[in-house]
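See below for the structure under consideration.
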Amino acid sequence: MALSDIIQRRDWENPQSVNIHCLKAHSPLASYRDINHARDGIHAQRQSLNGQWKFKLFDAPEQVEGEFIDVQFNDSAWGDITVPSNWQLQGYDKPIYANVKYPFEVNPPYVPADNPTGCYRTRLTLTEADLESTQRIIFDGVNSAFHLWCNGDWVGYSQDSRLPAEFDLSQYLTAGENTLAVMVIRWSDGSYLEDQDMWWLSGIFRDVTLLSKPKQCIEDVFITPDLDACYRDGSLSIVTHISAPETSQVHVQLFDGSQAVTEPSIARPHNRRIDERGSYDDVVFQTLHVREPQQWTAETPNLYRVVVSLLDAEGNHLESEAYQVGFRKVEVKDGQLQLNGKPLLIRGVNRHEHHPELGHVMTEEDMVRDICLMKQYNFNAVRTAHYPNHPRWYELCDQYGLYVCDEANIETHGMIPMNRLSADPQWAHAYMSRYTQMVMRDKNHPSIIIWSLGNESGHGSSHNAMYAWSKQFDPSRPVQYEGGGANTTATDIICPMYARVNTTVEDEAVPKWPIKQWISLPNEQRPLILCEYAHAMGNSLGNFNEYWDAFREFPRLQGGFIWDWVDQGLSQWDNDGKHFWAYGGDFGDTINDRQFCINGLIFPDRTPHPTLEEVKFCQRMITVALTQQDKQQCHLTVTNEYVFRSTDNEQLHWSVLENGVEVQSGQCTLAIDAGSQQTVDIALDFQPKADAKYHLNTDICLISATPWAQAGHVSATEQFTLSNTSSLTLPKISILSAPQLSEQGRDILVSNLDKKHQWQWNVESGLLTSWMVDGQSQLLHAPEDNFFRAPLDNDIGVSEIDNIDPNAWVCRWDAAGIGRWERECVSCTSESLSQAVKVTSTFAYHHNGGVQAITVWTYTLDNQGEMHIDVDVTLADHLPPMPRIGLELALPLPSDNTTVTWQGLGPFENYPDRLAAARFGQHTQSLDAMHTPYIFPTDSGLRSGTQWLNVGNLECTGDFLFSVSRFSQQQLTEAKHTNELTLEDKIYLRIDHQHMGVGGDDSWSPSVHEEFQLTDNTYRFSIMLKPRHN
């Protein structure tokens, strides 16, 4: 078929044209020519066609050179491109990021005339011996649609960018050199079904493979594991589809490594009568029974290998296929999702396939790294948001142990209403094809415990059809789907998005009750697992611990999948060579959703966000409780929340801290069965000091390395405050003379007797303009009131320049002028006391002709160089909740000491509604490490519960929260990327009395819980500052 005929057909604008001449979907095939090879997974008859292909991008399909499909076509002037890759990241076209919006006019099934089209050419050489077998080409992923030619002949067409397209090339190939030509179209009718929250990228982005199979071969294998009613003995139901005479035989055997577990089972077609018309002549049904197999779970990923062989009528071996299998049984029973008869608690995360340099291309190394990180941070489940992943991903989840919710490549979020296509019979074939082909490909993986019909496509007749087919074809797994309200008849699991723990999310169309209420609705017996929750956009995840308190309290609340795993930033460099992570709009894509793709728990390079520590803590598998304490010992109860394994590889390490410094430590081995407890007694062997604070830390550590973590890895932590029964000591009272007080013009001068410490206030500004110690300045900027924070993503919400949300925190703060108030010094007075000098400054803050706040600063200075600051704050009644109440000053940047040491909560960033994982102690970090480089710059680096702080040349004492940074709040507010920030030669020290929470139930509504909002009208706080090495 000529290219002009293909153009005229316009398959890419026809929802009925899904796959033309593609082979039926099936489980992955390898075609081993020996049973032992199949058992060992070696010498598969698969040849990778990855590598350098010739490439040229055209503006539209109509502009493609018609001769490019010909063998003789001269492609020497074309460029080279790596396969697999996304062409936008190879120097062609531009990436587009959109969350909801389609990046083209919505008129299904039609797509823009401006439709970039990438043409690929490559060559492969085959021998006469090769041609004796059938040769199949497999494209594991092409976005979004493509036509294929071989030696100038049209082979076929496919769309669905996340599933394989497989063609039989046998009739087109010749001995010697062969030419393949592929025309990939960026926009197709399939794009309407792929409106996921990710980058729109194009090209051949997954592997291309040539599979050689004998003419008589195995076409598909479906293996269904099961356990008996006692969950003890196992069975494997094996259904094999063959392309061979009905006299052929299928030989099946199960192996554990090289050891055969079962005797061979041999059967022929027609061995099961299907209905009154008879049986299949190309399908063989077999069952293997195994006594007490080692069961597969994410905690104990025990795998066996099934080898399925095709024999001719005389018993001669023709071909083998092999699959890793796990004995496990998934059920929704007694209102819970159960595995092997026990309820699960899903510690899950949504994961996009994203690489900062390669886009949607994932290497095995990338996949293993993600899985190891997930396991290290106590995840046990992953949702393939929102499409089937690379085939290798599932094999690795089988091997390392992760539960998988496998999701169909269907999302129509940008349609109005969302279910417009879901309810349209013209699109039913496309829906069914995407779902059934996913199930057919992935059906043998034990890690997949839930099928998902897709994401955010409303609820329509196509969902009911997919659900019905799934329950008939694979009743061994539950189905979930959130669209249409999370509890429709097309889901076995209530799976809402962003439902809160205790409050209702108002929505006229679909219910979003609090999760506690949802499971108590009349006649509702399904489990609830949040398909998305805890929106981790930037500095977020406030109140995450509340979800986990609820999950542990209510058995039918069985966890959820956090949104989401990785920031989808793309590596870019500015004109000065500074690296930054790009997001929507950075490539000239005018239809975009800006940084809404930056909502992961880890940075694009897989560096964890601080929020991941909170997740790790809340999701810990082993918990410790302090049940009793007396003078001699502490009594601990250690609970093993693993469902299927004992603590045979864990030790408990403990330490006692005195004012944050370790004074005693020890360890003990844990021997706790799954779901059980152990009591641990710790003898206290130290003499408590009066007025000291004592804490007990516990760490759960791995004894031996696992495939996903090194020996010594800390999987769980706790901290307990110990009571101190020692008598209080009387404070030492020193009789000191007061510093010298004088006035010079409009300045107030204070100095101690030896002139070592000198302070100066300007009466007109009311500010401390100078603080000298031994002739060296302590300050670069005077301490000032600080009510503002550089807005977080959660503060901004959906507000944009052209789409203002008046309810967003940033808009409410802006309307109140917070951050722009004009300061007026009402008065600045001083007086000399018997042992100190007191300076009092009163400030009024004006905006729009009214006073918004009044603050009174009282400085008390003694002869030892200590400066005590008491601040009284009064706010106007009409103000919104404030971002923070505190002060800010700037210190000189020391040349020899850029570390920060504090006693308080840490060591990582923590905020008032996200500090469950933080521990009290003495912590030291570099100055640079105190700043979190969020891709979209915001306030960061806060540490709470602080008693004292050493930074630069200053020591601070009190009860406060703080952050230090070399970036001003103005820089952090104005910058849109990290490369726009310039390190300043000073240290900004922000000391807060109170700081608003970060929120995180979602990122588009004001989600900071009321108890973490600053709603009072008056505040009072104190801080003591003095020079270090005083």
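The backbone N, Cα and C atoms fix where each Cβ goes, and this holds for glycine too.
Since we're looking at a predicted model, the values are computed, not measured.
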Glu411, His413 bind Mg(2+) 1 per Swiss-Prot; candidate in Glu365, Glu456 listed for that same site: Glu456
Same-site residue for Na(+) (record: Swiss-Prot; known: Phe596, Asn599; options: Asp197, Asp207, Asp985, Asp992): Asp197
Between Glu411 (Mg(2+) 1 binding site) and Phe596 (Na(+) binding site), the C-alpha gap once rounded to whole angstrom: 17
Alpha-carbon spacing, His413 (Mg(2+) 1 binding site) to Asp197 (Na(+) binding site), which is rounded to whole Å: 9
Other residues, Cβ within 8 Å of Asp197, Phe596, Asn599 Cβ centroid (Na(+) site): Asn99, Met537, Trp563, Asp564, Gln568, Asp593, Cys597, Ile598, Ser1003
Three-state secondary structure, Glu532 (active site, nucleophile) (per DSSP): strand
Cα proximity to Asn592 (Mg(2+) 2 binding site), best match among recorded positions His352, His386, Glu456, Asn599: Asn599
Residues satisfying Cβ distance under 8 Å from His352 (site 'Transition state stabilizer'), sequence separation of at least 6: Gln196, Asp197, Met198, Ala385, Asp564, Trp565, Val566, Gln568
Between Asn599 (Na(+) binding site) and Glu532 (active site, nucleophile): CA-CA distance (Å): 12
Residues near His386 (site 'Transition state stabilizer') in space but at least six apart in sequence (CB under 8 A): Gln196, Asp197, Glu407, Asn409, Ile410, Glu411, Gly454, Asn455, Glu456
